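Undergrad: Let me give you the structure first, and then I'll get to my questions.
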Amino acid sequence: MGGFADTGQVSVRIRWVITMRAGGVLVSPFDFLDLGDHVGDDPDCGGHLSRAWLVAAIGLGVDRVVWMSQVHGDRVKVVHEPCDAVVDNTDALVTRTSQPALPVVTIHCVPVLLSDARPGVTAAVHVGEGRGSARCASPCDGYDAGPGCVRWRRDIAVLLGPAVSGRNYEVPVVIADGVEAASPDSCTTTRISAGTPGLDLRTGIACQFRDLGVMSIEDDPRRTVADRALFSHLQTVSTGRLASLVWME
């Protein structure tokens, strides 16, 4: 799944791509396009091979894609140029140059892609429940990190990618309460057991962005647990990871 953002009268266009299970060359349970590098498949023949396959399929060079090692934290890294090494202990990448393509790797957590075509800024953010709260690196803070970065948050466009739905995401009450305190509107009930608490992280994230003044928020309707075209460890214990990428052309 991919597309181009409407950038109006500007000199760059924003491109985003979200992968599915289809494509790639791997075998079950990582069939066929596992973009993770730590989920039990052979890292040399699994995730790394899939990553090379992906960047070739979408017409990017391997050296343009900057991967990060996500840790359910709040560290934002501003990227000035492509690099071969994985960016460690980071959950958000931001760039104001056209060279790096920024991916976020997920299964049930929320991939968040952000862009503002006028100043030429993009970001990829990993958001998930961690330690009883919705752990989110603040991409808006990252945008403000350097000269020429975004100054008006209302111009930022946000895409919330595929994630687990609240109806399938049962959590203990203490976790639900903690997430709701940090990210209002995240709590819901599940269909697993009537009345048990669940988390709809995308609703809570959208609420946070609106509170920050961001108005253009798009929500990919697909749910990882319910959609067999996507990976989910609630379908099978061992499984792969999806990738969501954003870059400028």
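Backbone N, Cα and C atoms are what each Cβ position is placed from, and that goes for glycine too.
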Undergrad: Taking Cys83, Cys109 as the options, which does Swiss-Prot list with His72, His126 at the Zn(2+) site?
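TA: For the Zn(2+) site that includes His72, His126, Swiss-Prot also lists Cys109.
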Undergrad: Let's check the environment of His72 (Zn(2+) binding site): how many other CB atoms sit within 10 Å of its CB?
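TA: Within a 10 Å radius of the Cβ of His72 (Zn(2+) binding site) lie 16 other Cβ atoms.
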Undergrad: Just counting, how many other CB atoms are there within 10 A of the CB of Cys109 (Zn(2+) binding site)?
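TA: Result for Cys109 (Zn(2+) binding site): 23 neighbouring Cβ atoms inside 10 Å.
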